[in-house]
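K.L.:
Summarising the annotation, TrEMBL assigns Mn(2+) binding site to E:His139, E:Asp164, E:His166, E:Asp168, E:Asp256, E:Asp258.
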Protein chains: 6
Amino acid sequence: MKTYPYPLLQPPPFRWNTAGDVSEPKVHQWIETLNPRTADETDWSSVDVTLLGVPLSRSSISASAASENPDAIRRAWKSFTPYNLEEDVDLTPLRVVDLGDVPQHVTDIAACHRNIREAMKGMRRHHPHTFPLVIGGDHSITAMLVKGWKEAHPDKRLGILQLDTHFDLRSLEEFGPANGTPIRNLVESGDVRGEDVYNIGLHGFFNARSLKDFADEAGIHYVTLKQARRQGIDTVIRESLDRLSQKVDTIYLTVDMDVLDITQGPGAPAATPGGMRTDELFEAVRLAGTCSKVGSMDLVCLDPARDVSGATVKAGTHVMLSFLTGFMQRRQV
Amino acid sequence: MKTYPYPLLQPPPFRWNTAGDVSEPKVHQWIETLNPRTADETDWSSVDVTLLGVPLSRSSISASAASENPDAIRRAWKSFTPYNLEEDVDLTPLRVVDLGDVPQHVTDIAACHRNIREAMKGMRRHHPHTFPLVIGGDHSITAMLVKGWKEAHPDKRLGILQLDTHFDLRSLEEFGPANGTPIRNLVESGDVRGEDVYNIGLHGFFNARSLKDFADEAGIHYVTLKQARRQGIDTVIRESLDRLSQKVDTIYLTVDMDVLDITQGPGAPAATPGGMRTDELFEAVRLAGTCSKVGSMDLVCLDPARDVSGATVKAGTHVMLSFLTGFMQRRQV
Amino acid sequence: MKTYPYPLLQPPPFRWNTAGDVSEPKVHQWIETLNPRTADETDWSSVDVTLLGVPLSRSSISASAASENPDAIRRAWKSFTPYNLEEDVDLTPLRVVDLGDVPQHVTDIAACHRNIREAMKGMRRHHPHTFPLVIGGDHSITAMLVKGWKEAHPDKRLGILQLDTHFDLRSLEEFGPANGTPIRNLVESGDVRGEDVYNIGLHGFFNARSLKDFADEAGIHYVTLKQARRQGIDTVIRESLDRLSQKVDTIYLTVDMDVLDITQGPGAPAATPGGMRTDELFEAVRLAGTCSKVGSMDLVCLDPARDVSGATVKAGTHVMLSFLTGFMQRRQV
Amino acid sequence: MKTYPYPLLQPPPFRWNTAGDVSEPKVHQWIETLNPRTADETDWSSVDVTLLGVPLSRSSISASAASENPDAIRRAWKSFTPYNLEEDVDLTPLRVVDLGDVPQHVTDIAACHRNIREAMKGMRRHHPHTFPLVIGGDHSITAMLVKGWKEAHPDKRLGILQLDTHFDLRSLEEFGPANGTPIRNLVESGDVRGEDVYNIGLHGFFNARSLKDFADEAGIHYVTLKQARRQGIDTVIRESLDRLSQKVDTIYLTVDMDVLDITQGPGAPAATPGGMRTDELFEAVRLAGTCSKVGSMDLVCLDPARDVSGATVKAGTHVMLSFLTGFMQRRQV
Amino acid sequence: MKTYPYPLLQPPPFRWNTAGDVSEPKVHQWIETLNPRTADETDWSSVDVTLLGVPLSRSSISASAASENPDAIRRAWKSFTPYNLEEDVDLTPLRVVDLGDVPQHVTDIAACHRNIREAMKGMRRHHPHTFPLVIGGDHSITAMLVKGWKEAHPDKRLGILQLDTHFDLRSLEEFGPANGTPIRNLVESGDVRGEDVYNIGLHGFFNARSLKDFADEAGIHYVTLKQARRQGIDTVIRESLDRLSQKVDTIYLTVDMDVLDITQGPGAPAATPGGMRTDELFEAVRLAGTCSKVGSMDLVCLDPARDVSGATVKAGTHVMLSFLTGFMQRRQV
Amino acid sequence: MKTYPYPLLQPPPFRWNTAGDVSEPKVHQWIETLNPRTADETDWSSVDVTLLGVPLSRSSISASAASENPDAIRRAWKSFTPYNLEEDVDLTPLRVVDLGDVPQHVTDIAACHRNIREAMKGMRRHHPHTFPLVIGGDHSITAMLVKGWKEAHPDKRLGILQLDTHFDLRSLEEFGPANGTPIRNLVESGDVRGEDVYNIGLHGFFNARSLKDFADEAGIHYVTLKQARRQGIDTVIRESLDRLSQKVDTIYLTVDMDVLDITQGPGAPAATPGGMRTDELFEAVRLAGTCSKVGSMDLVCLDPARDVSGATVKAGTHVMLSFLTGFMQRRQV
């Protein structure tokens, strides 16, 4: 008998997969919701991807409603088809199950973080063959998700591919496990080695010099946006994935939506002028999807309350689908 | 004696051409309004371009106020000069007459469509040497305008150059003559052959797989945005025009403003992330203007009520002027 | 005894330089405010850059709240670090002093302009070795700032590098010293020779043909955005600076924020579709900063009340910091 | 065996009633969704209120996205408790079932209207003891809902209490069954007598004189907002309900959200300055709920896409809950 | 032969009065535009009201786009009927002619003010029996309009009824003829006696104590909003009109839209919390219209660029129509 | 020698009191900033009111940027004069010192709360004769401020006058010290007796029935908005103050801005339709100011990032000034 491993989750309203019944399916007709009343009858062996919402943003340095993002992304699904025309990839053969949201506490941030760690650990232990795709929330959750992953796989070496405008290496002592400190947290705790972190997209005046010095000392790899454009962002992504693949067992992809230019991602609270374009980001993420070592992904720091024209929520949804396109292509090779 | 052929039209407030009286004329001082009380005295032989508004958007799949676009574009004229600096082309030698709007019914969409078809047929019959430039409205009008054109020229073969994020090949049976079905409508009715449709700009997750299959079966030509950028959008446009020019008598250019990236055209209700930039679109449209086979043009699916900073209405106005720049250059060759 | 030369200035709330006290300084902790009660004790010899706000926009052709820009830029400083990661340049060795705002009259525009001219003249006379960086305000102030500069240095030849969507050559007779006429004003008065003006960024339908004719007759140099992109904006900027450097004693850089595409700079009242991207502008301005002949700079026509997501105010702040990056690099060579 | 009477309906995502499981239930935990897979097992005899969404607004004279209102209201439920503090009324004893949305066609407005009429007729025939509460959509649906009601109860006399800024008596001939004509439609068809219509809330310059003349000739009762405030809106509502109760078998309450002042209901496309305040509307609707003859209700012309701060969607939700408060009080008497 | 007295005016696009041709006329079909090419054939004796736009707001203390208000009001006319339902007053018997806008200079505010003064003087001299209704623009224009009126009628005594949140008594010496000084200007110049100014609507913390002292010394009458509500705003308006009527030959009504609460008139740049409601303002202005001594009116300080939902522009239009309702009622007595 | 008691505070940029130097002072020229470098020389005996910012909102149940409110209120001061015209009260004789902000931790909410408690305790101990006026932040801070007050005055009985749409009695166990639980916290801890809490302004569907039951059992007094309007809000406020004055030593006034109607206070994240008007709130707060027992005040739950037209920030500023008007009047009696 199967056991339902997610007693903690808060399920979204229930939805069947009806994509097969219509000629022009939309994403919300394809992705299933876990039915909490029949969850323990789920055949997990056929599940390819588990999707998890983490509605936490009170750990952000600046005020953020990124906690509202998981639901915003779910609502945006009805504007997308599960078919990538440019790559001629149909996603519907993938079975993606939306597990709902990790429960959060209103005033106990440490408890929120514990729940997040437990949720990732539970997923890895109960059905390790599924791919966990996490929709945040702010960047503080990445440290917790990786720690949960490490608890489930203590002997595995995990590397990080980070698309971000920031190092996220701010002082853990000063800020605690906030959205400015996850990489510092993971490097200082030894969960991830500095040399196993590859950050692509840094630019402008948005990181203190002391953080760059820390990165250099820790051996963190980074390619600024200007450098990446000169070499070709695709080339840089591919090389980073290749190098990581040679060193680590699993690559964790973390996409901070503030890597986007502020006019391309106005809903990312810390987005800045001079950032990445969405078409660059979509292609980078699709490439990451094709790499067989990439074993988990999160998408963070998207605040729907600040969005303009729904552009950033749509971009976030596109990022998730672009990654799954690569994930399909990975299997087709 | 001349006869005024447009009893149906709802004229905008009357305006004289006063561009010659000022040293820095604006577009609204150059384009004339048809004076309804003296319309039958108009010397049509000197008119180069007739401009027609089609304020219909209740045929849109999603709610849209694209019906307010013709007036929004007219109001934006005062922010533009009729002189293209980059091409050193002065538009004022062209005589452009604004005929006003095709009347629409509030609840009888079929009647609206009849009026639109009649308006195009009337223009073609009464002064076939003028160029009809139509400001929509949603994309459903394209099917009607082309059908009107075909009724006036039943023996001519008409091809379509479509700049769009979508195929517009959705099921006519399910949706009727909506903004998602005009190309399907024209292909299924035989008014246009599948092989005479060239669609440029498709991308992302915005067309069901079944529509791509339909396009392939119908022989429709399409180049996705990613492909087009690889080959050069200019090259792709030129080649499409060349091939169409060899096959058809007239090319109809239809510009769905949702081909733009959602951050470049926030006022296009169906614009998406990862779309075209305005500078790419302006150049594509200018090139189309230079092609002597291009015999009519429409601009659709721009909802001013959703616009941000007026950017999309200004982009729509620029598209119209970029096309006329090419139209002037066509004559100068 | 030193004398405080700025009796007219309205100082912002007073702030010490505390950047040295923190590990991750922000720009507002680095730039000092002139303390009005101890101003005459300031050691001007150690000051590298004086920053001046000019809150005037009632001289704009269209309504503009660019008068609110100096304060908006100051408030945005706290979102930026004084460290440019891509260039690995730390700005904190520079001593930048914010002098406050030039006082403006509510209904006497000529008096406003006199104050602005006097302020620049005073800065040049009292401590000519500091670099004046001016935050406007609308473009009418450029004529006054240059005239003030010329009064202080009557024998020096001054050239202008202008990044703009417009010529700013409209009729001085018709408009007076407005934001559409500063270059005309300077050329007609003889303060600057036509051949010493280099304008980069013109595009589209935003300049009357008669203004282009005037520019040609006056010998003004200009490169449209399309041309500049073809040749490489960097190349065009470098060549313009080289040519100007050979002719003039000092180059004045004026950045009209409406050179940006309307979706990249929605807060620039006259921004248009088809304009420059922020990353292009930042690099152009940084290059100007590296040129040792560039002796003053202004940034104009940014209306924070029209901004979207704070994108344009942040872009304006970035322009200022990008320039200072080049300014540091100039010294490092 | 029971039969599921709603083959046409498009169900929202499925939700159980979990209000009993929590100490602070919200409205979305109390209102049940009809589960389409077990719908025919529903015990209709225990259902008090059936809630129906009608996502139609392409029949609006001006462009409107009121079609998005049913879902917007549903999403707003989570911000409301089912407990009215001021009246000390707990709504949870009521069983309210959300049937989902009446299907709409994209281009065949007549088909949409047929579906709406059939839906009301079906509800009345299959379980006439439940109270139908309809969330529109635009005001054109009221004519169809009343016609459906009349088909189910051809021998019953139905009167209308209308809260509106407009008469909705525009020419049926000119506009067809649009949102400006429902009352004209019902009066001209004889479904409702002019004397059985009571309109409260008219004001300002928003009805042509000819419509007032029509109303007078048809014997329609109306009290302008100024008159109503002088006499007390409560008094006017009570008197209207009393008079109607003496004449008719059933009173149909129709609430056009544009009765609100434009600053109180910015999301009502036709709201105007000088209209009703929300507290006045809530009390008026609650009073209507207490009247035992009121047998159905609709709420129309709320366009969430135009809303500001979500104020109008929240006001619409409050209107629905205020009515149900009266409905509970009706039973408690 | 009649002579056209307005060589200076910039006419809006030309429009015929077609209100008689339709059953449900709108305001824009009723108000005529002066046709500049046939203006000298106008029969002025039949004109009741001349409407004048004054697009000046560069004289505002804070940045304002009230210069865009005359056109915004004209565009809003199509949302209003010329029939006041609550008063049962049909406005169409009035002949209202829109003269267009007084030309403004971009940088010479004194010249703008001269033009405004001349325009009023011209209207009074050429057809003194028409009622001048002026749409601003900022409040600085009131001083100029009254001065123009006085030049035409030097022997007449003019009083002012002012609806405003401010005294507008700020120092003429410090600000010049700005929007904060018109009443000070008129009192100090002797054009209007302090005792002939009645200000209703002052409240809160928006006037310096020194201005209240000035008002007291000048004998200006004022009733704060709180006082007015206690006594009944209607009563206060009537009493003010009565007292003024006994003293002066003509009453000039000036409505500063910032008298409205900031949430009722968000487009008035200086609107504040705690202000008047629109229904109070509409009734106050209607009452003023009924007073036979009221001989001119202006409406100022409405910036459409700051408006929310178009609420303030609609309120401004309603103010104008409410006044004309009273004007009709004045004649009916 | 005096000792500076606030080592923790983060001072705003320094500002002198210059109100005496100008004829029309604004609030920002009147309120002093504590100069951190000379703070220990302050003569506290002449200070009437100490103003404290508490930029904490990560303890809000829903996402909120109320942490940005203290600075937003400070920036709004320049739009207000320190003179209440309606009450003829000049505030400048009061000495108000802005102490700056209580430092907050990014992820340790308990530490934030400790700092807040310490700040109030410190103020009460070091200069108990000054009146502490606190600008939040969210409502969680009220529990901490009151606890700090109680630590300084353990033998005094403190009562609360609460203006709020909510009871703030949600489960402390479930939510912790969040913005929904402060009153529950204080009642359960025994810091305040249930009978000493008076809540005015509750309405609608925004409190669960179980909370009303808790309030009844705890003996908390409350008057709903509907009841209060029937009896006169002024009367209710006066009676509550009278009853509290007889029972307690000190009354603590807490103003949750969500007591306002959502259209009057759009920036209060939990504001709802059917709430209080600003004029009602201003008068209620002024009355509280006149009561000699009122010994402290806070203003909470105002999120400037959600504001519309700056209306709520201005209303918050007005609340603070209205209270100080009553505070002056208290002294004048």
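Cβ from N, Cα, C; glycine included.
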K.L.:
Within 8 Å of the Cβ centre of E:His139, E:Asp164, E:His166, E:Asp168, E:Asp256, E:Asp258, which other residues of the chain have their Cβ, at the recorded Mn(2+) site?
P.N.:
E:Gln162, E:Thr165, E:Phe167, E:Asn179, E:Gly180, E:Val259, E:Ala270, E:Val300, E:Cys301
K.L.:
Please name the residue among the binding-site residues E:His139, E:His166 whose C-beta has the most neighbouring C-beta atoms within 10 angstroms.
P.N.:
E:His139
K.L.:
Sequence gap of 6 or more, C-beta under 8 Å: which same-chain residues meet both conditions with respect to E:Asp256 (Mn(2+) binding site)?
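P.N.:
The answer is E:His139, E:Gln162, E:Leu163, E:Asp164, E:Thr165, E:His166, E:Asp168, E:Ala268, E:Val300, E:Cys301.
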K.L.:
Which residues of the same chain, at least 6 positions away in sequence, have a Cβ lying under 8 Å from the Cβ of E:Asp258 (Mn(2+) binding site)?
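P.N.:
The list for E:Asp258 (Mn(2+) binding site) reads E:Asp164, E:Thr165, E:His166, E:Gly265, E:Ala268, E:Pro269, E:Ala270, E:Ala271, E:Thr272, E:Gly275, E:Cys301, given in order along the sequence.
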K.L.:
Other than its own, how many Cβ atoms are within 10 Å of the Cβ belonging to E:Asp164 (Mn(2+) binding site)?
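P.N.:
For E:Asp164 (Mn(2+) binding site), the count of other Cβ atoms within 10 Å is 25.
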K.L.:
According to DSSP, does E:Asp258 (Mn(2+) binding site) sit in a helix, a strand, or coil?
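P.N.:
Note: E:Asp258 (Mn(2+) binding site) is helical by DSSP.
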K.L.:
Would you count the other CB atoms within 10 A of the CB of E:Asp168 (Mn(2+) binding site), including those on all shown protein chains?
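P.N.:
Excluding its own Cβ, E:Asp168 (Mn(2+) binding site) sees 26 Cβ atoms within 10 Å.
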